[in-house]
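I have placed the structure first, in the form of structure tokens, so that the comments after it can refer back to it.
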Amino acid sequence: MEAYFLEWLNMFFRWFHVIAGVAWIGASFYFVWLDNSLENPPQWKKDKGIGGDLWAIHGGGFYEVAKYKLGPEKMPENLHWFKWEAYTTWLTGMVMLWIVYYIGAESFLIDSARMDFTQGEAIAAGMGFIIAGVAVYEAMVRSPLRHNGKVFGLILFAFLIFMSWFAFQIFSARGAYIHVGAILGTIMAGNVFLGIMPAQRALVDAVQRGESPDPKYGAFAKLRSTHNNYFTLPIIFIMISNHYPMTYGHEQGWLVLVAIGFISAYARHFFNLKNQGVSKPSILVISAIMLAALAAAMVPAKIEAQKGETILTDTQAMTIIGQRCISCHAVNPTHAGFASAPAGIILETVEQVLTVKDKMIPALQTGYMPLGNLTKMTDKERQQVMVWLSK
Ligand code: HEC
């Protein structure tokens, strides 16, 4: 019963998280676009202090947008802030992290072959990992390094490569991906909370006092918002990656994450340049080629019976699957914490097994299944079942 309600909580918060995330990233993409599409306003607008002018049509109406060079003469009654999208995304994301990876640490976070954590230790390690990642970023962004965006970017990237590798030494592959994602997400929400919001408050205060705002705040917020911009595509990849065991389940899953993170941030660069009036479609082409090359480099080894290996009979194969899989993959799972067959996959009869063969082979080959090898499948059994499935 408990597992059943946990499933509903999982669904509700995942749904909420996606909605908030769409609102956050949507608003952020819109403002980046807006900022870079502004045109030179007519003189009468310039006289009012307007630095950028834009007209748009959407949903059956005309919109006239004006961006002030510094600030309006007097504060409008209503000023929209766009911060709750970010905070809500982060908060619901943290709830998801607890529901899926911390309550379900045994299944999703711990890989006893890497670190034989207890649930409490795994949670502490997870939280510590995220806090350490964000602390290093905050220290960097407050150091003189912030004056050199390019060097900052390189060091940040090197640090994230290290964290990706490190996560793979202590967590399960899927747990590692989500924790790198949690660092990125927390840095992003922190950038809003600790950098962008204070800068905007300083801007509003200055306008209210009738002074011109100190540009240092704007520049500081700009660096943080640039980082957020490059993080968007990689973080969305991490969110969807848990449907693709061939990524995190790869022997060098941390390197796959680094590669896809790099490729997607590079693709984002195309849009940033384009918005600044520089069109370099080659960036998108190169990104696509890099992704295809990655896929080609990761083609899994062919499954073949070893010399002298006899292929299992159906009954023998089903006995192994019965021992290693159906405590979870059954109409009524007996494994604690599972209310229904995970991913809708039921492995109780030969027919059921053969219909999901194409998903089963990669799940076995990458070691993703049995989850966390909780049912202690041996390498030999794994090989035998794969050979039987591919016969
Ligand atoms: C401890 C419970 C558990 C055991 C044991 C287990 N699984 Fe799973 N399995 C899961 C969960 C949970 C998911 C859904 C994971 C997800 O959402 O990515 C899953 C998903 C799958 C998928 C779908 C993967 C995809 O492509 O999305 C396959 C195939 C699968 N399991 C096969 C197996 C096989 C084969 C075994 C036995 C060798 C096995 N599982 C043992 C819990 C288990």
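Using the three backbone atoms N, Cα and C, a Cβ is placed for every residue, glycine included.
The feature transmembrane segment is assigned by TrEMBL to 12-33, 84-103, 123-140, 152-171, 177-199, 252-271, 283-301. TrEMBL lists 303-391 with the feature domain 'Cytochrome c'.
Between the transmembrane segment (252-271) and the listed ranges 12-33, 84-103, 123-140, 152-171, 177-199, the one holding the most Cβ pairs under 8 Å is 152-171.
Across 12-33, 84-103, 177-199, the stretch most heavily in contact with the transmembrane segment (123-140), judged by Cβ pairs under 8 Å, is 177-199.
Packing against the transmembrane segment (84-103) from elsewhere in the chain are residues 6, 9-10, 13-14, 16-17, 20-21, 23-24, 27, 109, 119, 122-123, 126, 175, 178, 182, 185-186, 188-189, 192-193: each is 6 or more residues past its ends and has a CB under 8 Å from a CB in it. The average pLDDT computed for the domain 'Cytochrome c' (303-391) is 92. Across the domain 'Cytochrome c' (303-391), DSSP helix (H, G, I), strand (E, B) and coil residues number 44 helix, 0 strand, 45 coil.
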